[in-house]
Amino acid sequence: MVKETQYYDILGVKPSASPEEIKKAYRKLALKYHPDKNPDEGEKFKLISQAYEVLSDPKKRDIYDQGGEQAIKEGGSGSPSFSSPMDIFDMFFGGGGRMTRERRGKNVVHQLSVTLEDLYNGITKKLALQKNVICEKCEGIGGKKGSVEKCPLCKGRGMQVHIQQIGPGMVQQIQTVCIECKGQGERINPKDRCENCSGAKVTREKKIIEVHVEKGMKDGQKILFHGEGDQEPELDPGDVIIVLDQKDHSVFQRRGQDLIMKMKIQLSEALCGFKKTIKTLDDRVLVISSKSGEVIKHGDLKCIRNEGMPIYKAPLEKGVMIIQFLVVFPEKQWLSQEKLPQLEALLPPRQKVRITDDMDQVELKEFNPNEQSWRQHREAYEEDDEEPRAGVQCQTA
């Protein structure tokens with residue numbers, strides 16, 4: 001049981017969330033609250049990054065679960081600092097850290113919503129993007145030739161350094177973006193600024209790109225368009241990174257290259273046999289049936305070879321389709337008392353129990369999970385969902 005849930009709440013996941021669920025939550029929130037899209041949500045973006053940095057690291061997550069945020073700040077092992085939110089974002093989306101990008105423009109990251117059918121069959125989607133391009137009129141100078149001068153306030157560094165007192169005899173040095181040149185290190189007299197870009201050196205341009213989603217690609221996979229990102233003077237253009245975001249499917253769940261589904265069958269079908277149909281992601285219909293005399297138990301797993309997801313870059317090969325059977329039992333009093341002996345005669349015999357005088361006779365009651373006494377202890381006794389675990393294999397015979 002975790003001590004506190006603040007970091008989990010920030011990412012919108014449960015304390016029992018898997019590493020994949022944590023990654024997916026960070027991806028969606030980081031793209032939504034990135035300063036380029038939400039300039040006023042810098043603090044929110046920072047909190048999202050801190051939560052992900054802790055929960056994505058097994059050791060830090062264990063420290064947090066046991067001691068909360070205070071244990072993280074104390075370091076657990078002596079390291080109280082967090083990484084830069086932008087570095088976490090860049091490393092997650094494949095852009096590298098700041099030092100690796102210093103001679104290139106910013107990468108542009110976009111999320112593309114796809115269905116499980118899209119990832120199964122492959123699809124080409126057109127995406128309209130806005131990007132910065134070098135101003136054609138001033139050729140990226142920002143104004144008339146010779147009008148650009150070094151910023152007198154920051155001396156061309158683009159940053160200002162302030163000394164702040166934080167206690168008696170204690171000061172700290174704070175570095176901020178220069179308010180005069182907005183971090184550019186230079187300025188242009190307003191009357192000399194380019195009319196086309198207003199001195200910004202770049203203009204916004206709409207570009208349509210075709211995104212080829214190949215068979216077998218997965219949720220969160222990145223598609224790179226090299227050099228199609230924002231342009232900046234004297235820098236190579238950055239990349240456009242498209243991140244695939246798979247919508248939930250009404251029937252199938254994907255686990256690696258396998259497809260998992262749940263199928264309800266009646267008790268009569270579980271005992272006497274069944275014949276069912278399954279519609280695949282490419283609109284074929286599969287017919288499945290149980291063998292004569294075979295009993296299907298609640299929760300049993302069966303699989304169909306070569307009906308899972310196509311293997312990326314080898315689409316003729318596929319994983320398996322795993323079916324979990326859920327046996328639906330009859331409602332109360334579905335059979336009259338007179339017919340119960342007939343049914344019992346057809347079923348395996350009951351297990352005989354020897355009752356002695358020192359045993360306590362108790363009465364079974366209907367259970368209500370919403371009762372107060374249950375809710376207080378529910379977290380301690382949470383049970384796993386009825387889902388098959390990884391490692392299920394089809395038998396060869």
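Cβ coordinates come from backbone N, Cα and C, glycine included.
Copied over from Swiss-Prot, here are the features:
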type     : residues                       : note
BINDING  : CYS135, CYS138, CYS194, CYS197 : Zn(2+) 1 binding site
BINDING  : CYS151, CYS154, CYS178, CYS181 : Zn(2+) 2 binding site
COMPBIAS : 366-380                        : compositional bias 'Basic and acidic residues'
DOMAIN   : 4-70                           : domain 'J'
MOD_RES  : SER18                          : phosphoserine
MOD_RES  : CYS394                         : cysteine methyl ester
REPEAT   : 135-142                        : repeat 'CXXCXGXG motif'
REPEAT   : 151-158                        : repeat 'CXXCXGXG motif'
REPEAT   : 178-185                        : repeat 'CXXCXGXG motif'
REPEAT   : 194-201                        : repeat 'CXXCXGXG motif'
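Neighbour list (CYS194 (Zn(2+) 1 binding site), Cβ cut-off 8 Å, at least 6 residues apart, same chain): CYS135, LYS137, CYS138, ILE141, GLY142, GLY143, LYS144, LYS201. Checked against CYS197 (Zn(2+) 1 binding site) by C-alpha proximity, the recorded positions SER18, CYS151, CYS181 yield CYS181 as the nearest. The repeat 'CXXCXGXG motif' (194-201) shares the most Cβ pairs under 8 Å with 135-142, out of the stretches 135-142, 151-158, 178-185. You'll find the Cα of CYS181 (Zn(2+) 2 binding site) roughly 45 Å from the Cα of SER18 (phosphoserine). Local packing around the binding-site residues CYS178, CYS197 was summarised as the count of other Cβ atoms within 10 Å of each Cβ; on this measure the leading residue is CYS197. In the structure shown, across all protein chains, CYS154 is the one of the binding-site residues CYS151, CYS154 with the greatest number of other Cβ atoms within 10 Å. Residues 177-181, 183-187 of the same chain lie 6+ residues outside the repeat 'CXXCXGXG motif' (151-158) yet bring a C-beta within less than 8 angstroms of a C-beta in it. The CA atom of SER18 (phosphoserine) is located 50 Å away from the CA atom of CYS151 (Zn(2+) 2 binding site).
Cβ contacts within 10 Å of CYS138 (Zn(2+) 1 binding site), excluding its own Cβ and spanning all protein chains shown: 24.
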